[in-house]
Amino acid sequence: MVLRRRTLHPLSLLVQAAVLAETLALGTLPAFLPCELKPHGLVDCNWLFLKSVPRFSAAASCSNITRLSLISNRIHHLHNSDFVHLSNLRQLNLKWNCPPTGLSPLHFSCHMTIEPRTFLAMRTLEELNLSYNGITTVPRLPSSLVNLSLSHTNILVLDANSLAGLYSLRVLFMDGNCYYKNPCTGAVKVTPGALLGLSNLTHLSLKYNNLTKVPRQLPPSLEYLLVSYNLIVKLGPEDLANLTSLRVLDVGGNCRRCDHAPNPCIECGQKSLHLHPETFHHLSHLEGLVLKDSSLHTLNSSWFQGLVNLSVLDLSENFLYESITHTNAFQNLTRLRKLNLSFNYRKKVSFARLHLASSFKNLVSLQELNMNGIFFRLLNKYTLRWLADLPKLHTLHLQMNFINQAQLSIFGTFRALRFVDLSDNRISGPSTLSEATPEEADDAEQEELLSADPHPAPLSTPASKNFMDRCKNFKFTMDLSRNNLVTIKPEMFVNLSRLQCLSLSHNSIAQAVNGSQFLPLTNLQVLDLSHNKLDLYHWKSFSELPQLQALDLSYNSQPFSMKGIGHNFSFVTHLSMLQSLSLAHNDIHTRVSSHLNSNSVRFLDFSGNGMGRMWDEGGLYLHFFQGLSGLLKLDLSQNNLHILRPQNLDNLPKSLKLLSLRDNYLSFFNWTSLSFLPNLEVLDLAGNQLKALTNGTLPNGTLLQKLDVSSNSIVSVVPAFFALAVELKEVNLSHNILKTVDRSWFGPIVMNLTVLDVRSNPLHCACGAAFVDLLLEVQTKVPGLANGVKCGSPGQLQGRSIFAQDLRLCLDEVLSWDCFGLSLLAVAVGMVVPILHHLCGWDVWYCFHLCLAWLPLLARSRRSAQTLPYDAFVVFDKAQSAVADWVYNELRVRLEERRGRRALRLCLEDRDWLPGQTLFENLWASIYGSRKTLFVLAHTDRVSGLLRTSFLLAQQRLLEDRKDVVVLVILRPDAHRSRYVRLRQRLCRQSVLFWPQQPNGQGGFWAQLSTALTRDNRHFYNQNFCRGPTAE
């Protein structure tokens, strides 16, 4: 952590304030704090938990701000002066600041207050969004307004005064003001003629408002009218009178089909939306008509008379399964481009066959037909025969129909067809059933479904989305994903030679492909076989596809998980046009080809495998990728890599430009080894376990342009780490543990960066932190600088923006605490001394001198206790030769000579007494100069002479010093024991020792004796009888 620290005096606070004020005046900080300035004049204040509209600094150029977004804050009160400084604002978004009770996540009640002139100050305002706020009336609005959204509010009434004066208004959204999520007591009321004064209004949306009829006297300028999901059960010409300019009309969901509803549904009392035959006759400009989810059972051809410009018709989620096969309603819709008939199934029934009505052949302009969820089991040439000759039909959706037999060759006769979606069916192979004639269709077998509530699967899963993006520019694409295919046979694709893109993902294909499965598909360029169980062993796999450019074999892990089974990747060599290959998430780790060879492959996805284990197998797989001579992009994410050796990088293709090592377990990376990849431009190391960027630097001459080391545990970066990478443009250091960002890391290239991402790091926001100046210098290149770059310390600023520093935190904290402590001490002394002198001056004087007198005595006693010359004075009867011999040859030798550094200092009469002194003086000095007095006795019944005198002096020491220093060693355990010995054994057993008669017990005896001589006898007393001598 590199910080520029300054030693500051508290008096410098005013100086610092002046400097900071000057800095703010110069505009070095982001001008729109706490918000973020985005391109095209947008100030983004979303998700900042603001409680009021922010006031920007004087340095902010508010005249250039045209858009302000305040989504998802906590602004409950808007004042007249809130937007005065934004005179040129054109777009204002205030969604989700004070949501109504039903829409609040915790169902809190909230009411937004808007003062009368709040928006009138913005004379150029064109777009205002007040959706998802608890407002009950329309506020006063500027006449310049063009687009207004009042959806999901509590506004229940629109009258002539609500929108008076808004002559420029073109778009009005007021959806969801009264429905199950935002309930009200009745319905939204739009008084007749309330909107008639809006002469330029072209778009009106009133969905989910419990309306029972279309509002009367709407402006004739309307082009888009959306009144779906209300309670309108009847529609006649008078409901749409004078709306001759109408181009799009949505009246769907007003009489719902509840068996297919994904949300609360009320059964329609009319059983079906009642449409007058002439309801739409006068709408000659109508281009889009939505009648979905209206419980329609039949189609009346008169509904569409006069709709000569109708191009989009949505009839989904009705009961039109009979009309689809017999209707004449489509005869005059020659300009219809898109028709949606999905989920018009009969309840609990799956048809054996389906044949479209002959009137479909008149849809000569039809480009897209959606027939998902009609539920029929056989698809043959008669099913769609009236569509085959449509010259413009390019997209056909047949998902979720329970189709189990499909004659795919029929799509080869469609002249303009570009995309067929047969996913999420039950197709298991080529059609084997006898083909029914059109006449047999009416008597087709019906199968009852087990579930009465079939709900559609998501139409756009991530896998299907990626597949569609890859194939959107091809001439012919077919999606057979999520079916029941187990094997692939060439007869399935007869007459489909022009097919260029095919998806067979999410099936159960478990065969060994050998070069014969796709023979008819000579023009196929993209093949998706992900999420299957393919066996890749034959070297001729996919060789029948000479134009194949992209092959997805990901998520075919089952064969690779079979122990002992080998797999062959040599087929890649023979695919001369292949550019993109995915072997991802197959758990490939052993028994595969030791090399991948191809001159054409440019992108290889090998993520989700076991490359870490493969590279650990000696040199067997060291050259696994080296044969891909033209490889540009390699993905090795999630490969359980714990270490990456230089030779691993050295044996990657030199042509490599992108290398992804994301989400592995790398804790070390040899940066100098990047020189082995001279063309590398992008390196992704995110999600690993790097602790620091300190082992070397990026090599000189590298072409690296983007480096991502986010989501690691990086705490430090070595100086000049990035400096030599002169081509570097993007650096991602986010989600690490960095406490600072230092200029020395980058050197001169810092100004060449286009992106420097340091979000989600616990930066230390100390006064003078160097990273603040650096980030301000490159602030346009730092994503989320205003709010995403936050402090991790000190505690007062944790989790807050780096620009939220308190001026008081810029003081030198050590100096501040020192000054505080000294001043506190001075005040305390100044108060306590006079008070004590006044109240108890004499007593303090007496106690002081008393303590002063005791100090030398205490010092002397401690000094004497710490400097006693002997550990034990040994007393024994010299007249007993056996005892004397044991003392000199056993006791002395054991305690003084054989203990090494732990040797005890013994005081012996014949050796240590001073000549010239009396016996009593020597005895006194020996007892008081030793920590313990050790009595060695042969028996305890008769003690006299020196032994008796020594014992009495030891007892005298007990009385004077409160120290029990007596230790008894009895050499004959069977001798008679005196009452004193028996009492001492009861009170202090460890101070009475007996010489063992058996040699194997002598080791324990010496250990017990050492303990008795080195520890205070107070610890040996039996607490049940006595606590031992204590100091007073």
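Glycine residues also receive a Cβ, built from the backbone N, Cα and C atoms like all the rest.
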Where Swiss-Prot places transmembrane segment among the ranges 714-734, 819-839:
819-839
With reference to Swiss-Prot, specify which of the listed residues CYS184, CYS265, CYS268 is paired with CYS255 by a disulfide.
CYS268
For CYS45, which disulfide partner does Swiss-Prot record out of CYS35, CYS62?
CYS35
Long-range Cβ neighbours of the repeat 'LRR 22' (653-676) (under 8 Å; 6 or more residues past either end):
607, 612, 625-626, 628-646, 682-691, 693, 695-699, 701-702, 704, 708, 721
Rounded to a whole angstrom, what is the C-alpha distance between ASN332 (N-linked glycosylation site) and ASN568 (N-linked glycosylation site)?
59
In the same chain, which residue numbers or ranges, 6 or more beyond the ends of the repeat 'LRR 23' (677-700), come under 8 angstroms Cβ to Cβ?
637, 649, 652, 654-671, 706-718, 720-725, 727-728, 732
Quick check on the glycosylation sites ASN568, ASN732: which one has the highest count of other Cβ atoms within 10 Å of its Cβ?
ASN732
In terms of DSSP three-state secondary structure, what is the assignment for ASN732 (N-linked glycosylation site)?
strand
Give the nonlocal contacts of the repeat 'LRR 2' (87-110) in its own chain as ranges (CB under 8 Å, at least six residues past its ends).
62-76, 78, 119, 121-134, 152-154, 181-183
Among the glycosylation sites listed here (ASN64, ASN129, ASN732), which has the Cα closest to the Cα of ASN695 (N-linked glycosylation site)?
ASN732
I need the nearest neighbour of ASN340 (N-linked glycosylation site) among the glycosylation sites ASN129, ASN300, ASN514, ASN568, ASN670, using C-alpha distances.
ASN300
Which residues of the same chain, at least 6 positions away in sequence, have a Cβ lying under 8 Å from the Cβ of ASN309 (N-linked glycosylation site)?
SER284, HIS285, LEU286, GLU287, ARG335
